[in-house]
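Trainee: Right, I'll just put the structure down here and ask away after.
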Amino acid sequence: MLLRNVFLLLLLTVAAVAPARADDGYRLWLKYDRIADAAARQQYARSAQFIASAGTSPTLQAASGELQRGLSGLLGQAVPVVGTAGSRTGGVVLRVDKQASANGQPLKSEGYRLFSEKNNLVITGRTEVAVLYGAFALLRQVQTRQSLAGVNFSSNPRIDYRLLNHWDNQNGTIERGYAGSSIWQWYQLPEGLAPRYTDYARANASIGINGVVINNVNASARYLTAEYIGKVAALAGVLRPYGQRVYLSVFWAAPKVLGGLPTADPLDPQVKQWWAAKSEELYKAIPDFGGFLVKANSEGEPGPQDYNRNHADGANMLAQSLGRHDGVVMWRAFVYKAGSGDRFKQAYEEFQPLDGKFDPKVLVQVKNGPIDFQAREPFSPLFGAMPKTPLVLEVQLTQEYLGFATHLVYLGPLIKEVLEADTYAKGAGSTVAKVVDGTVDQHALSAIAGVANIGSDRNWTGHPVGQANWYAFGRLAWDHTLSSAAIAQEWTKMTLTTEPAAVRTLTDMLVKSRNIYVRYTTPLGLHHIMGESIHFGPQPWLAKAGRPDWTAVYYHKADSIGLGFDRTATGSNALALYKPEVQKQWGNPQTCPLDYLLWFHHVGWNQRLSTGRTLWNELATRYYTGADSVLWLQKQWAQVRPQLDPALHADVTARLQTQRKEALWWRDACVLYFQTYARQPLPAPLAPPTRTLAEVKDLVNLYQLR
Ligand code: BDP
């Protein structure tokens with residue numbers, strides 16, 4: 001009897017403390033948990049007594065369904081969907097209106113407006129997808145606890161094509177993926193449509209992503225077979241109601257591999273015909289197919305240069321193959337030919353001269369920086385240098401060079417940094433954002449792409465904070481004027497907690513996290529000193545690799561005099577690729593911002609920097625303070641424990657422990673290695689690492705065993 005009572009008591013206690021539902025992260029920022037404050041719930045409930053939607057189309061059903069799910073969850077009471085409002089008031093009305101406008105301007109086709117009318121809250125736009133976006137905007141208002149009273153706002157996307165690029169392979173692996181395997185289950189498609197696809201589409205729609213490149217840029221020809229086109233069409237059918245089109249990365253030599261042709265020369269009539277027929281086949285299966293993404297003559301991939309043609313010849317032929325269909329070609333500028341000088345300049349040298357030679361349906365896709373998704377890069381000099389060509393900005397959400405899924409790094413500030421960089425293409429204010437959104441050069445097409453960090457892990461992104469990077473990308477793609485801190489705060493409230501002090505703590509952590517990572521890995525403008533191939537951990541001593549520009553020494557150029565890559569006129573002169581105003585900003589080692597210093601200058605170890613410290617002392621200090629900032633992250637995270645789901649909290653706690661350990665690897669490896677050149681002790685009060693360089697090398701080399 002006693003035992004039974006104890007057992008009962010135990011059961012009751014467990015039920016009382018355990019949250020209603022353990023938070024495994026699957027619901028992302030679309031949690032819709034009941035608002036704890038009853039008064040607030042009631043307040044919202046007064047404006048959301050019903051949802052009026054006359055539409056029966058899949059998109060309008062998605063909109064009303066999402067509102068019903070979200071509002072019912074948040075308010076803790078059923079909110080019915082009714083056909084029309086009739087004389088009822090106090091509800092949410094969905095209205096597609098071809099004339100919809102805001103502030104005297106017609107809305108863009110995807111733009112939405114929320115306003116009050118006869119005591120109802122109207123969500124309107126010129127298209128169904130616009131209304132769907134508006135529905136998510138309304139939910140966001142409630143999720144972030146903003147008032148609905150007298151709501152009146154509108155929003156248009158600034159960039160037209162807002163794409164995720166999946167680097168997913170046909171066999172289910174993901175190139176540079178750290179969150180499990182691909183979410184696309186090719187062997188089950190087209191018959192088997194995992195519910196997860198719909199949740200993926202919902203998440204994308206909630207942040208305005210409207211296109212999905214399904215497969216890796218190192219593409220398999222298999223996606224262009226009839227079998228796979230059928231599978232892709234099935235996926236397209238799931239994404240379509242949510243406003244997302246599918247695109248494919250294509251393998252340049254597909255006409256040879258699949259078509260049996262002797263060549264893939266873009267000027268060959270048979271090759272042209274093959275692609276035209278393939279495009280027709282694609283559009284027959286997927287009427288709203290988005291188009292092609294191409295990695296050609298890059299890192300061993302075939303391309304038009306194999307036939308002495310250039311990138312424009314290749315891209316234009318593909319664009320023409322699309323014929324009358326509304327598709328585009330995104331041709332990547334991520335190229336660097338072996339043995340032709342500073343890698344920094346190579347994409348520019350190949351692409352800039354082609355400006356004006358591309359078909360109107362071609363966009364050139366440029367990575368944010370000139371090298372390769374480093375933790376901090378100056379903006380690519382192609383931005384602002386190709387006025388006649390619409391450029392797609394490509395950023396990487398998967399943390400290939402930013403600590404995989406064990407380092408907490410919020411990428412909002414990185415993405416904002418490049419968007420806000422001023423190219424001076426048409427005078428001051430010609431930011432990368434304005435080059436990309438088409439306003440600097442009046443382009444009809446504009447696009448932005450994020451390399452996805454999404455995989456089969458239950459929480460989608462491995463590190464729970466990786467979700468914030470997916471989220472921030474979408475929000476900035478829609479409106480690049482939003483601040484990264486505001487987005488971090490929004491995501492935190494929607495995903496983790498709305499308790500004000502915890503929101504402040506978490507937002508602060510997120511906002512500072514990227515600079516912390518830079519400090520303990522590549523301070524002062526160091527770059528590309530990570531582990532070979534795996535791109536994880538430090539390997540500044542790497543001196544031999546498949547190509548010189550895959551080593552670390554190529555980039556840091558440490559010697560007895562100093563450190564850094566001289567890219568001024570006395571060095572590779574890559575700086576000359578930028579407009580004079582930019583050159584002025586970065587050209588003088590005395591005034592160059594410290595974040596970019598070693599990107600452009602070889603600086604003496606004893607050179608005094610603007611901080612008052614010598615280069616060596618500053619470098620060592622940054623490695624130490626950077627690694628110690630992880631302790632700060634840990635402390636902050638510990639503080640918010642009462643506000644967070646216990647499982648999620650424990651997950652990140654463990655990841656932070658790993659991050660601290662790996663930050664110390666970076667610190668010790670880099671400080672000890674560079675010290676062999678600087679030949680000076682660490683400045684006080686820094687205590688020397690407790691291990692030797694040989695020991696750290698062993699550790700890292702073992703890590704990289706394949
Ligand atoms: C590099 C990656 C490689 C990609 C390549 C690309 O290491 O896996 O294929 O970029 O963007 O960063 O094409």
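Glycine is no exception: its Cβ is also placed from the backbone N, Cα and C atoms.
Take a look at what TrEMBL says about it:
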type: ACT_SITE; residues: Glu299; note: active site, proton donor
type: ACT_SITE; residues: Asp372; note: active site, proton acceptor
type: ACT_SITE; residues: Glu400; note: active site, proton acceptor
type: DOMAIN; residues: 28-138; note: domain 'Alpha glucuronidase N-terminal'
type: DOMAIN; residues: 142-460; note: domain 'Glycosyl hydrolase family 67 catalytic'
type: DOMAIN; residues: 461-683; note: domain 'Glycosyl hydrolase family 67 C-terminal'
type: SIGNAL; residues: 1-22; note: signal peptide
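Explain the structural surroundings of these features, please.
Mentor: For the recorded site, Glu299 (active site, proton donor), the DSSP three-state label reads coil.
A C-beta separation below 8 Å, combined with a sequence spacing of at least six in one chain, links Asp372 (active site, proton acceptor) to Phe334, Tyr401, His528.
For Glu400 (active site, proton acceptor), the same-chain residues that are 6 or more apart in sequence and have a Cβ closer than 8 Å to its Cβ are Arg176, Phe373, His535.
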Trainee: Mind tallying the domain 'Alpha glucuronidase N-terminal' (28-138) by DSSP state, helix then strand then coil?
Mentor: 39 helix, 25 strand, 47 coil
Trainee: Tell me the Cβ contacts of Glu299 (active site, proton donor) under 8 Å, same chain only and six or more apart in sequence, or just say none.
Mentor: Asn218
